[in-house]
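So the structure is just underneath, and the comments pick up after that.
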Amino acid sequence: MKLYNTLTRKKEEFKPIKEKNVGIYVCGPTVYNYIHVGNARPIVVFDTLRRYFIYKGYNVKFVSNFTDIDDKIINKAKDENIDFREITKKYIQAYLDNVSGLNFDEEDTIHPKATEYIDEMIKFVKTLEDKGAAYNVDGNVYFDITKAKDYGKLSKKNIDDLRAGARIDVNSEKKNPMDFALWKKRKEESEPAWESPWGMGRPGWHLECSVMSKSILGDTIDIHAGGEDLQFPHHENEIAQSETCTGAHFANYWLHNSMITVDKEKMSKSKNNFFLLKDIEKEFDLEVIRLWLLSVHYRNPIDFSHDTLVATKNSLDRLYTAKKFLNRILENSSEKEEKDDNIKTFREKFEQAMDDDINTADAISVLFDFIKYINKNYDENTSKNILLDAKKLMDDISYVLGILFKEDDDDLDSEIEELIEQRNAARKEKDFKKADEIRDKLLSMGIVLKDTRDGVIWERSN
């Protein structure tokens, strides 16, 4: 299995620290608002990576944090005149509701909160201070980046260029404009703060992830992942402070997903071109979002549009129709000592795609090729052994991709029946254009209509 390591800018064979065990740390949300579809990409991508490791027989320790203390949280609490913990509690629950809709494996995820690791953070900063890599200025503690070995090695930024290009820092406390806060002094009495050797204050953002990953996964972790916008300065600063503190290599593999665009522009809150998952799910099941996010390789940008989601929903419906068909013919099949070696070939193609830097786009193509093969070659007369092998492969691919978990598809059947009724009504009103449009929509869902003397019947297409 090869993964593209941002640190080396090349695909590398994955070698775990401990055989058949993998530790993954994914930077999670700052919980002050609802998550948008851009936030969903790392959730889905790295959950799929986790699932594939499990499929391959690994024990996976998967950590995704909640940043539950931050300027944005404090400001929102001030605006709403409530305790900051009410803000974080509300948006953590909203996050969990959304990721459940995305079929994220919540049960096997460790979700540390920054505020639960304050003591460990203070100890971490004290170690840096003792090593001469951190300095205290009137209660604010900064990391001295000149003490970091190879600063810029992840983002490939040159420290001298960064210094030259840095804006004049209004904070004259710093020795260097690029130095970053490890511990922030409380500005006013109403602010959340904790006791420390430097006075009342709170941790800096970069510090939080370093300490939580160290506390749960150890000084060196297998995989650190997140969006590409976190490469610099967040991940770069994590490396600097962690490796200076422990003297150990921080993470062996760095994985970063690319951005989501809207009309080729990056989706972001600052551009006000973002779409909240809670709004999207009013029209689409979030499983549609998951399949859409996996339809493009995670290191490539993906463009968001309503039309794309409609097309993805139709694709998902086709998959559910194929699953239903396979289950139905399996019930009526009989035992025969037969095998179909093509199933093994499809499995190998799926694994080849996933082993190549979790290429979910190719893996999904394999799945659709497989259901075409099923529809064309299998029926009630097919051996039960073959159908069970086919079902096992479909279930395995579904598990890894995190789709097709709904046990019944009554909703899909109801939607098909409703569309057929709409088509019948259109034909009665001689609106043949609309009737044809509905037939085409059903066809795109993998449904073929047959007009009989007894009415319209539907079946899956080949």
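The backbone N, Cα and C atoms fix where each Cβ goes, glycine too.
Here is what TrEMBL records for this protein:
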type    : residues                      : note
BINDING : Cys27, Cys209, His234, Glu238 : Zn(2+) binding site
MOTIF   : 29-39                         : motif ''HIGH' region'
MOTIF   : 266-270                       : motif ''KMSKS' region'
BINDING : Lys269                        : ATP binding site
DOMAIN  : 349-412                       : domain 'Cysteinyl-tRNA synthetase class Ia DALR'
COILED  : 409-436                       : coiled coil
Give the helix, strand or coil assignment DSSP yields for Cys27 (Zn(2+) binding site).
coil
Cα-Cα, whole number of Å: Cys209 (Zn(2+) binding site) versus Lys269 (ATP binding site)?
22
About how far apart, in whole Å, are the alpha carbons (Cα) of Cys27 (Zn(2+) binding site) and Lys269 (ATP binding site)?
18
Who are the chain neighbours of the coiled coil (409-436) in space, where the CB to CB distance is under 8 Å and they lie at least 6 residues beyond its ends?
317, 320-321, 323-324, 442, 445, 447, 449, 456, 458
Excluding Cys27, Cys209, His234, Glu238, please set out which residues of the same chain place their CB within 8 Å of the center of the CB atoms of the Zn(2+) site, keeping sequence order.
Trp205, His206, Glu208, Ser210, His224, Gly226, Leu230, His235, Asn237
Protein Cβ atoms within 10 Å of the residue listed as 'ATP binding site', excluding its own:
11
Between the binding-site residues Cys27, Cys209, whose Cβ has more other Cβ atoms within 10 Å than any of the rest?
Cys209
The motif ''KMSKS' region' (266-270): DSSP-derived helix, strand, coil residue counts:
0 helix, 1 strand, 4 coil
Listed in sequence order, residues with CB under 8 A of His234 (Zn(2+) binding site) and six or more positions away:
Cys27, Trp205, His206, Cys209, Gly226
For Glu238 (Zn(2+) binding site), which residues of its chain lie six or more apart in sequence with Cβ-Cβ distance below 8 Å?
His206, Cys209, Ser210, Ser213, His224, Phe250
For the motif ''KMSKS' region' (266-270), could you work out the same-chain residues 6 or more beyond its ends whose Cβ comes under 8 Å from its Cβ atoms?
33, 36-38, 259-260, 304
